[in-house]
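Participant: As annotated by TrEMBL, domain 'Nephrocystin 3-like N-terminal' applies to 183-343. If you look up TrEMBL, you'll see 734-775, 777-818, 820-861, 863-904, 906-947, 974-1015 marked as repeat 'WD'.
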Amino acid sequence: MKMQSGPADTASALQVDIVTSDSFSTNYGWLVEHVHAFMRIADKISEFHPYIKAAWGILSAIPKTILDQIECDEEDCHIFSPANYRMCLLHASDPNFWKRTGKNLILDADQKIANFQDQFEKLKLAFTQHAVCETQLRVLQIFSTVEKLGATADLRDMHYGKNVWFDSDKQCLPGTRVAVIDELTDWINSPDGEGTPQILFFSAAAGFGKSAIAHTIAKHFHTLGCLGSSYCFDQADQANRSIQYLFSTISQNLSDLDAAWKSALCSVVTGDPALCSTLQVKEQFENFIVKPAEALTTVGPIVIVIDALDESGSQIQRKPLLDILIGRASELPKNFRILITTRLEPDISKALQLVHQHPCVKHKHVDAAEMENKSNEDDLFLYIEYKLSDIKSELGARWYECCSQLVKSSEGLFQWAAVACQYIMDSYGGELLYERLESFLGTGSGLDELYNKVLNQAFRRNNSKVMNRYRSVMGRILTAKQPLPLATLSKMHINNPAWMNDIKVIIEPLGCLLSGINGDNEIAIKPLHSSFHDYLTYSSRSGEFFIDIDHAEKEFAATVLYILKTELCFNICQLPTSFKANDDPEVNILEQPKERISSELLYACCFFSAHVLCVPCSGQVLEDLHYFLDYKFLYWLEVLSITNKVSIAQGILSSVLGWEKMDKNVKMFIEDAMKFVTTFFQPISQSAPHIYLSALPMSPSDSLIVKKYSHHFTRVVSFEKGKQISWPSINSILQGHTSWVTSVAFSPDGKYIVSGSSDKTIRMWDAQTGKPVSDSFEGHTHFVNSVAFSPDGKYIVSGSWDKTMRMWDAQTQNPVSGPSEDNTNSVTSVAFSPDGKYIVSGSWDETIRMWDAQTQKLVTHPFEGHTEHVTSVAFSPDGKYIVSGSWDKTMRMWDAQTQNPVSGPSEDNTNSVTSVAFSPDGKYIVSGSRDKTIRMWDAQTQKLVTHPFEGHTETVTSVAFSLDGKQESLSHIHLKDTQNVNSVAFSPDGKYIVSGSSDKTIRMWDAQTEKLVSDPFECHTDIVTSLAFSPDGKGIVSESYDDTKIRNHDSDINTFSILNQSYLTSTGWLCTHTGDLLLWIPPWYQSGLQWQPRNPLVIGTHITKLSCDEFTFSKDWHLCKIGA
């Protein structure tokens, strides 16, 4: 039997056989009468039902059988026809008509053929279904892969510490520290439960070897697959190993260990992208540790090692971290084992005194007695013996004695032993190694004595030139904000071409004290141990080797400002086009810094403010800062854009703004620069050329940036008409709702805005960028009337026309529980109690209800007394009372505990009370009414404190107290608006009032003089319904019936124009049809854009004309600068 080579060959053979059989029955039937031979056949489907040999001789049955067989063969053709595309692997040979004929004489072939047809149909169906399943599985696998890639991309936006992972080379020497390591390992492997703490603080004096122990534990459990993360702080590298990166780094590492953790973490950051950039330790712990921990699936201990907590930063920086590690350890998974090594700095020691109150935290301290015990001495002997093994033979019988003497001198400190051994083994000064050991044995005990010995041996103290060089070099090393390699450090000096040699001659004999001095010029140079840094910076300890940090900072500040002055320039990377974004692979801009931007310039761009703030605001440093701002500022932004670091610009400018005794003009410039960076963050960060092509020409004419720089960049778009004079009040347009926005509120920290809408949804926005931070909160079946944040910002409560109140998790957008359904009519107003435990709601069913915030269950029966719709409710600052306003023309105050009215209703209003609010001290209540007045009441007596505040010409629908709560801030206010004033809000400092009106405007008033601060903000195209100040007073959020736009305004600016986006991309870029970047248009100019290069460009309903006659772009973009 011939074997076919594959499915295709088999199917082909089958097809041939079918044709052959058919051809025989049609053309050669006459041969049947003359055939008298026996033939061997095997059918293509022999695997299913093989034919057997039949004997010839049954001639009497031939006529009938032949006719039947011809029919059968025709049916065989129907069986095999679908087999072509099934391509099943069958062994086959040519068919023989006569053998099948003989077969039919013995068996019932008709039935068999029918069975075969049925089985093949089933096989065909199974094959098809299998193919579909295979396809679906492949699609799911691809989807899963893409999903994982997307998740990884999301996590890449999170902060991640640099060089924080454990170092295998820093482990304990095998056979040493066995007792300590065993004790820590036993704790890690202890069963989860109440008796096993999740966190262990391990403390000892400097030099004990805590870090070696930490690295050993990390390596051991990493090998076992149980290491969740390691994070090693370093005093010399706090910029890369910041406390602010700790929890985000740990969480990302844990996502590599546990897939469920990764999925949960991705959900958190996807739901709130702004979290990726947060540097708040508390916010990181809650979102990056506590929330993903709920999904953790890993069984067994998950080890996290945090080394050198004492080197993490200042006491102020450490406090929130210590509070979390000690106070909130119980929120960690039971199988977490977090080992933290540290010296007992005063703040850490004080915090650890509270450990006994927290069963989830343990503190182990190694005191002097333990450091001097026999076990520790044996470990030191082994360590010294190992490190000095190369000279053992040269010392002969004195070997043991020398090692023992070094152990004694170390006083139990491994750091002393490490420095001593390294010093002895350095071939420096012409001594042989064993001679160096013998001369060293007279050194006294203690690290200070050791450091003094090394430095005295290296430098001649009586040579002033040498000592000045030493102080200059060591000053740079100690004050660098991140450790610098020799190649970069050698450029950190003004006008000293021999600085490289100066550095080398100082650091070469200090190999036992500094890292990075041998070989590669790209290895960072820093003290090997923090105790050496401490020794050098205390004059009482280091004497003539003392480094004056203040003087060193002054020199470094002058150096970095000099580098900015001399190296920053226009188009530093010779960018080929303005059409592409920085990250476009076509131009590969992000790779440019390696070639065009020096390492010292990048360092200066990132850290100049950190050095400047360490010196007095005067002299040459101040003069150089002036020069930087006046001539180099835009070029600085260019470097940050190309290196993807624009996000640090705002923080740098803000820190410089805090420089003591800052010149008023410099302050004004920096404030303007901060607005410039904030407003144009998108084009600046996405495409460096558009600092000059978009940001600069689009800035208002009164901008100090424009006044300083615009005359250097003339070949850009220019305004023929309608240029913004000052920075507009509008920061962003929050678009997303599909119907009226009915209610808005800031989060307690001012970072987010929540909005409710008649589109039945709730949305949360980033208050700074104006971007949605999540999908809409969906669940209500009718208009959302009112929204409010909980005091801790974790939850949002909403009330709706669907008669329900709902509470939502602000991060996940999920309902905390089912809707409250006890109301019998629309919920018009909701508010949290000051402690966040309760929620009060007002309803059109004339009642007030109080709910438990955790369970969303009614605390008690409804507060009844109003005879018309309740329009507004509020808690007193102490949470004891609730005030309500109603269409029944009354205001009522209730005891929150008893639900009883505190006194009779106020009946001085002549129309519906639309809004009520307590003063911050709880002494007064202010109400707004449809009788066009504002009234202030004594909270205890419910009597009017003064006459009604009259001046409105229409209904007052919203009121609020200033945060200072002073009556006199309110008692003389008359807001003379042209139509209904629908919303009023005080600035947090009580100095200003902002009002929203039916005439589509927002007005800002001086609370003392009652006069308008500026012209009306003509920002909306329909009635302004609600307003709120941000907690810091810098922002205002407004809502309107104008097609659902929420405005986030800058409250201290006077005019603005809000225009719809139409012909632009959703991100504000004006692009060509191929997606090339032409221009970025700020929000106040975005409307009705018709672009024709070199022709006037008309923008917006308030006519603005741009001239493009001089506009240069694409490959000629650099010609925008005069003389380029």
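Keep in mind that glycine also has a Cβ here, set from the backbone N, Cα and C atoms.
Map the listed features onto the structure and describe their local environment.
Facilitator: DSSP places the residues of the repeat 'WD' (777-818) in helix, strand and coil in these numbers: 0 helix, 20 strand, 22 coil.
Long-range contacts of the repeat 'WD' (820-861) within its own chain (CB-CB distance under 8 A, at least 6 residues past either end) are made by residues 782, 785-792, 795, 797-807, 867-875, 877-879, 882, 884, 886, 888, 894, 896, 899.
Counting residues per DSSP class in helix, strand and coil order gives 0 helix, 20 strand, 22 coil for the repeat 'WD' (863-904).
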Participant: Other than its close neighbours in sequence, what residues sit by the repeat 'WD' (863-904), given a CB gap under 8 Å and a spacing of at least six beyond its ends?
Facilitator: 825, 828-835, 838, 840-844, 846-850, 910-918, 920-922, 925, 927-929, 937, 939, 941-942
Participant: Tally of helix, strand and coil residues over the repeat 'WD' (820-861) according to DSSP?
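Facilitator: Summed over the repeat 'WD' (820-861), the classes give 0 helix, 20 strand, 22 coil.
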Participant: Taking all residues of the repeat 'WD' (734-775) together, what is their mean pLDDT?
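Facilitator: Mean per-residue confidence for the repeat 'WD' (734-775): 79 out of 100.
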Participant: Pull the DSSP breakdown for the repeat 'WD' (734-775) and write it out as helix, strand, coil residue counts.
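Facilitator: Counts, helix then strand then coil: 0 helix, 20 strand, 22 coil.
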